[in-house]
Amino acid sequence: MLKILRAKLHGIRVTECVLDYHGSITLDPEICGLAGIMPLEFVYIWNKHSGQRISTYVIYGEAGSRCCILNGAAARTCQKGDEVIISAFEYVAGPGDISQRSPVVLTFDAHNRVQERLRYIVEQKDGGMSFNIADDPLPEA
């Protein structure tokens, strides 16, 4: 089994840190829907400001809020305004399965509005692999 990227929220900003909570990260379900991130899904979080790396699970917050709230122990790893990368992974049988996947990557502005949706594309050819980043237009609002 090979663990590969399935979805990534790149540069989303922390909107709040709530220490007295059971744990997790609270995310806007509309943002999660665009990336394909599910409630209770295990995710890694990398803080671009501090370099801190943690893992937790996702809970959905209020739709349309653009929230990114670190809860419980995770709240100690970030401050409001920090840019983070949130990533979800999946297991595939082996390298031959990588080209059948195209992970979704969302990028954000300073107000957690989605700026672009990208896809990571891996192609197998001539006994090797190539990697490209492709635009994946957002649905009309």
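Backbone N, Cα and C define each Cβ position, glycine as well.
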Figure out which of Thr56, Thr107 sits with Gly72, Ala73, Ala74 in the substrate site per Swiss-Prot.
Thr56
Residues that sit under 8 angstroms from Gly72 (substrate binding site) by C-beta distance, when 6+ apart in the chain:
Val18, Leu19, Tyr21, His22, Gly23, Ser24
Does anything in the same chain, at least 6 positions from Thr56 (substrate binding site), have a Cβ under 8 Å from its Cβ, and if so what?
Gly23, Ser24, Ile25, Phe42, Val43, Ile45, Asn71, Ala74
Most distant Cα pair in Å, residues Thr56, Gly72, Ala73, Ala74 binding substrate:
10
In this structure, which of the binding-site residues Ala73, Ala74 has the fewest other Cβ atoms within 10 Å of its Cβ?
Ala73
Distance check, please: Cα of Tyr57 (active site, proton donor) against Cα of Ala73 (substrate binding site), rounded to an integer number of angstrom.
12
